[in-house]
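Reading through the structure tokens given below for one structure.
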């Protein structure tokens, strides 16, 4: 559950800075963090229960950060206020409502392509040659924001180094944890990968503790960026209620910006590409067959629902599948959907206790800068790992990716320095927004070139044409995608439902029920989605990095 801490910290901090609330920034962060907890928890429960039905953990998506940055860089949205400036509430709430409305309409793409079955069609044309430049551009687009946050104080460098050491040097270090054995009536020690399992939680805690020491010893000057006892922080922490239910549309009725909408649509497609790849990886590490098309469509519907909820909560980004949680499945040897359902429930509970959000909102901005930098570094690493299935001996593939990265870097820079001025404010806003998003430009160039330039087969482009586990090579008792018998019987009572893209075909449902009734013998392979399993280290390396 603590794996979403990076997104829960970074996204509300960036969104609150984007809308420029001045002296009200801490109070706004509290509301956004609480909404992020609740929307992520609900999305996780819906996904694991009705969507993909595998142990999926949802949290705020970093794919929407470049669009938010481009929105904040527009001349009319420039922020000149600091924490001591009083900004009229209607001014910054208007920006937040614009983000809400534009995001809500943009993420409707997810349930739309799920209901129409276009997810499978779309994924056939998107391979690593497209996703690698897209994710690299996502990281490069966030570099100025990360640099700005990290320049506030040297504690951000400490935070980054702590997280990097946990991820690189201490990931596999086993820490002895004492516990009391009831059976043997004595204390024993269990060796746990603490640093590899909870890097962000421990890392932020260490940096926060250092900030506290600097504050208590007065080594940090008054109003310093690393102090934890600023007046505005303490006031919000003291006056925040212990319990408050974050409700949708709490800030008012959303507004709409056509330029921001198109930017969010680009981010939505990037999020879809990432999530579809994550579904396949999760199926492998959980020893499940490749997700059926109906399950993928249903998963995208669930993710779309979570993203719509996130939009009306004012979070500022959609939700996405966290690859870090997938990496922990083979480590913990537990692939149980009930575990993630419990994690989702705990996220909701934390969102209801406003004091928790207020406490997290008091974390210094410089610490969050270190978290953002490490998050972008991890995304860049995953982007490069996509290339393991690509034939890099072909100059075609190398040229396409190099061209996409170069164009994605140069074009936004040009339009930031020379914005379009056609005389029509709406047209100017749309094109300045779109041409200012590196992820959109680089990803679009890579997509067009990869699907139009000849000279490579699908295998050489890294696009898989099949799966090693046959669709029918599974035990019905261990199948994580199948609905329970009461649900299947209800669907069979209305055969027309089976024609929907997100419902399994009638013959598949009937086969499942026949297997459950013992009419056919099922093959025993894989491991149950509701019980522990083991996996080898080479398998982990091959599957975690093999994103589609």
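Keep in mind that glycine also has a Cβ here, set from the backbone N, Cα and C atoms.
Listed features, source TrEMBL:
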SIGNAL    1-17  signal peptide
TRANSMEM  32-52  transmembrane segment
TRANSMEM  103-122  transmembrane segment
TRANSMEM  128-147  transmembrane segment
TRANSMEM  154-177  transmembrane segment
TRANSMEM  197-217  transmembrane segment
TRANSMEM  256-277  transmembrane segment
TRANSMEM  308-330  transmembrane segment
TRANSMEM  342-361  transmembrane segment
TRANSMEM  367-387  transmembrane segment
TRANSMEM  431-449  transmembrane segment
For the transmembrane segment (32-52), which recorded stretch in the set 154-177, 342-361, 367-387 gives the largest number of Cβ pairs separated by under 8 Å?
342-361
Distal contacts, the transmembrane segment (342-361) - CB-CB under 8 A, six or more residues away:
1, 4, 8-9, 12, 26, 29-31, 33-38, 40-45, 48, 57-58, 233, 236-237, 240-246
Cβ under 8 Å, sequence separation of at least 6 from the ends of the transmembrane segment (103-122): give me the contacting residues as numbers and ranges.
64, 254, 256, 261, 264-265, 267-269, 272, 276, 293, 296-301, 303-305, 307-308, 310-312, 316-318, 500-502
Stretch in 128-147, 154-177, 197-217, 431-449 most in contact with the transmembrane segment (367-387), if contact is a CB pair under 8 A:
128-147
Counting Cβ pairs under 8 Å to the transmembrane segment (197-217), which of 128-147, 154-177, 256-277, 431-449 comes out on top?
154-177
Ranking 128-147, 154-177, 431-449 by the number of C-beta pairs under 8 Å to the transmembrane segment (256-277), which range is first?
431-449
Using a Cβ cut-off under 8 Å, which residues of the same chain at least 6 positions beyond either end of the transmembrane segment (431-449) come close to it?
63, 66-67, 70-71, 73-74, 125-126, 129-130, 132-134, 136-138, 140-141, 259-260, 262-263, 266-267, 269-270, 400-401, 403-405, 407-409, 411-412, 415-416, 419-420
Same-chain residues near the transmembrane segment (154-177), Cβ under 8 Å, at least 6 residues beyond its ends:
189-196, 199-200, 202-204, 206-207, 210-211, 214, 225-226, 364, 366-367, 369-371, 373-374, 377-378
